[in-house]
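Okay, structure first, notes after.
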Ligand SMILES: Nc1ncnc2c1ncn2[C@@H]1O[C@H](COP(=O)(O)O)[C@@H](OP(=O)(O)O)[C@H]1O
Ligand SMILES: [Mg+2]
Ligand SMILES: [Mg+2]
Ligand SMILES: [Mg+2]
């Protein structure tokens, strides 16, 4: 896939982005997946740019042109499809260094969206808008414009079934589409599985201000936020979280591609006493049983109200020590998609946290497009995690 033209284009066209991505992965120099991590950061930054541009145009519901035939009729926007196209294309075409480092596996992507509706007659307007959005984003980077066919094929690369051998990229182009549409939190979540295990993860969180989330968490514990720090936080919004197996987890400002020297920070979970802890859960009450989570929290000694945020942003917030736990208790027949957890889970684990199902079993990403696990997700620093699992056991018996 990588030909001379593409390599030359990368050198010429994405200089500032490539430098920033190099800086963003500086802490990982020498890691086995360093080249993959660099291209993953570059792809997620491009998708974040696309999502931000789309969100500026978004009037609520106007972009929600398609719904899925699942129980909740999940929304899919022009940005979900555009972000999947741009990440898939970037992974395949900007991957020169990563490919050399890889074992020679062909490209495999397990991703949430497909192009079936876009290829239909009634999808023609949405198709035009997706191609426009992708090309507007690429135009600002000097990368070449994509044809309609290239956009559709890039989206359809995401049909892989994954599995327990070889490499598979795992992508949620917009996790938290409801948050995206409602101008709340959302994430572009990209992970790489090698022999069934996540070995790197990148989470782009364009709407996140860690200062603000920190203040929200503190106000949930009863102290009042100061207006001056809220104002300062405005400028810092947007984070990229990244991790490589056994090399740690890091956070960097998402817009630091224009910055010569972005401040990359190593992140760690913060194991506070249960009385100090804040747990997080979905905004959508249909995604998780909030009443049961409350009982588990109380049983574990947590007194603060939950902090409700959409998407895997929750994993990034806990990995940075700004909140303590994430609990998710969906309907018993709900199977979790691997793209809803792969990036967040490795970032949490590399930051010193533990992520399991509600029975305390490690997440198994090796059995296809859905997690091979029991119901529920619990993520927290080790001691609190054990307390929460013990409480779940006690409450279920
Ligand atoms: N009934 C359900 N129970 C649990 N999760 C669900 C669900 N329906 C959809 N989801 C998933 O919940 C994700 C959002 O996570 P959260 O609830 O933490 O914000 C959605 O991701 P998308 O927005 O990518 O579709 C979707 O995959
Ligand atoms: Mg969805
Ligand atoms: Mg999702
Ligand atoms: Mg999604």
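Cβ from N, Cα, C; glycine included.
Since we're looking at a predicted model, the values are computed, not measured.
Copied from TrEMBL, the annotated features are:
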BINDING   112, 172, 174, 175, 340  Mg(2+) binding site
COMPBIAS  220-235  compositional bias 'Low complexity'
REGION    216-235  region 'Disordered'
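Mapped onto this structure are the features recorded in TrEMBL.
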{"residue": "112", "record": "Mg(2+) binding site", "DSSP (3 states)": "coil"}
{"residue": "172", "record": "Mg(2+) binding site", "DSSP (3 states)": "strand"}
{"residue": "340", "record": "Mg(2+) binding site", "DSSP (3 states)": "helix"}
Neighbouring C-beta atoms (10 Å sphere around the C-beta of residue 174 (Mg(2+) binding site)): 30
In the chain carrying residue 112 (Mg(2+) binding site), residues 6 or more apart in sequence that have Cβ under 8 angstroms from it: 80, 84, 158, 171, 172, 173, 337, 339
Binding-site residues close to ligand 4 - of 112, 172, 174, 340, only those whose C-beta is under 6 Å away: 112, 172, 174
Residue 172 (Mg(2+) binding site): tally of other CB atoms within 10 A of its CB: 32
Residues flanking the Mg(2+) site, with Cβ no more than 8 Å from the Cβ centroid of 112, 172, 174, 175, 340 and excluding those residues themselves: 80, 171, 173, 176, 177, 187, 189, 311, 312, 337, 339
Other CB atoms, at most 10 A from the CB of residue 175 (Mg(2+) binding site): 28
